[in-house]
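Here the structure is laid out as structure tokens; the discussion comes afterwards.
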Amino acid sequence: MNDFSHRATWAYGSAMAALILFMYLPMITMALASFSRSKYFSFPVPKYSDKWYLEVFQSLSIRDFFWTSTVVAIAVACLSTVLAFFGALAFARYDWKGRRLFQKIILLPILFPQAVLGLALLLWFTALGITPSWQATVFAHLVWIAPIATLVIAIQVYSFDPAVEEAAYDLGASRWQVMREITLPLLAPGIFSGFTFAFLLSWANFPLSMLSSGADSTIPEWVSAKLQSGYTPQVPAVGTLTILAAAVVMAFGYQISAFMKRRQVKAG
Amino acid sequence: MTDASVRISHVAAGHSRVSRAEPWQVRLGTALSKPGFLAALPVGILLLAGFVGPLALVFLFAFMPPQTFSVLQAPTLANFRTIFSDSYYLSFLASLQLAASTVAILLVICYPLAIAMVRVFTRKAGILALVLAAPLFVADNLRLMGWMLFLVKGGVVSGTMQTYLGIPVDSMLYTFSATLFGLVYINLPMMLFPMILGVSMVPAQMREAAFDLGASRWQVMKEVDIPLAMPGIMIGALITFILAAGAITEAKVLGGTAVVMIAQDIQKEFTFAQNWPKGSALSMLMIVLAGSLALAMFKRVDLDAIFGRKG
């Protein structure tokens, strides 16, 4: 169905390549800056060195920030997957009176600027006397990430045939059996995607962590603080490492979900 | 009407009121037995405690006297008066201007790219989408730091120009345009993906029919392509506008002090200045803007149709 001339295809191809380069250029620059030997980045880099990475690996405080980011991301991923699994059923599977309203309410936090949401949450936490901590950050992330995970799983729910569940009920299966034997396995790829999305979005979040975490800083917060005072190539080195970690999670997630889909096709 | 019939209708009205009000436990019971309502409860409670609650508190604080820390006082419009009499509304106007420019630039950049994704690279669209969405999983401030190193004096652009071409280039940071550039970069996927959805909603047969009937490329674009892709284009434009208007990191990392955006003013009032009512009143500008645009969007699009599409 490709009715484009050779020249047009070539033009669209180069536009696409330019877009991909544009999207990744800042990450490439950051990786380059992390290997610069001198403290201040200059291009072309006069001398390369891996000493900033060694410093990062030896720094106990940076290890703490990595740990906080990881704990928060795992907690957010687990909690939002559970919330989003049920939310997605309410969003897409069941017919009920409030469904249209519920769909809109789910979208609102995603459509709201995160920085302003983070500030409203700061006011809310302070008024309720909740001290900023990593637990507060988990809550703040959930407000934004659970709705996104709901949408991710809902897309899978839409392609799910309710007749399969009804058939199981007709054959005498209990509610719990249907959930365990039919609904969960069929939705597993979507649930897994929701989990991966939630983990990665929490891992990369700055605006919602900024005001909620207090002393338990995450990696993006440390980067922000260092950018304002005391840039060293440690900052791009840490940035590059977080990107590598995200890439590994993404690659694993992609492989596992491809495997799940293959298995489902075989079984179905 | 006779007395008796009046009495009867009174009784009937009273009775119906009672029967409507009496079994609220029953009504709650039926709601709880509906699987849809039950399934919606966990996220619903989360959003009540983490979204509706905080925004309601902001709303209340916006009408409290300045520099106070309780919502139990006589409401006043003093904060809104300060915003509009002092120059505080300027940051809001600057944010709106930046957001509008971001949307305009992204509409022009993303439309041909969406066409390319849907019609030219049909078979590779999945992997391309993954490659283009992946940067969303890297913190905004990290990616903006990458641009900072790219654009700063002695950075990639100015270093290349100086070393290889001998043309001295000054820093390109800390200007209005640098902030705009950051907003365009960060929000590009928010425009691109809804637009891809919109473009893929245009039936190929309809375009072919238009061409067969002798329409020019320009006419097909104006009469078929753009109107039919409009839902996606609208969603992209609205999301981008709201997110850009409420952004903070782009202005902080790339804009320096050249532009102050509304979210920066809100942050200042909530933190250093400790003026919750004024910060809340400024937030209300943002909440009303985001809320009215979101409502306008919900009126026009069918969410089931959008998310229900396979793929």
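Note that Cβ sites are derived from N, Cα and C of the backbone, with glycine treated the same way.
Because the structure is a prediction, the values reported are computed rather than measured.
As annotated by TrEMBL, domain 'ABC transmembrane type-1' applies to B:92-297. The transmembrane segment annotation in TrEMBL covers B:37-63, B:88-115, B:127-152, B:172-197, B:226-248, B:280-298.
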Query - Distal contacts, the transmembrane segment (B:226-248) - CB-CB under 8 A, six or more residues away - result: 95-96, 98-100, 102-103, 106-107, 110-111, 114, 183, 186-187, 190-199, 201-203, 206, 261-264, 267, 286, 289-290, 293-294, 296-297, 300-301, 306
Query - Contact ranking winner - B:37-63, B:127-152, B:172-197 against the transmembrane segment (B:88-115), Cβ under 8 Å - result: B:172-197
Report summary line: Highest Cβ pair tally under 8 Å against the transmembrane segment (B:280-298), stretches B:37-63, B:127-152, B:172-197, lands on B:37-63
Requested in this report: Give residue numbers and ranges for long-range contacts of the transmembrane segment (B:37-63): same chain, 6 or more residues beyond its ends, CB-CB under 8 A.
Outcome: 31, 71, 75-77, 79-80, 276-277, 279-281, 283-284, 287
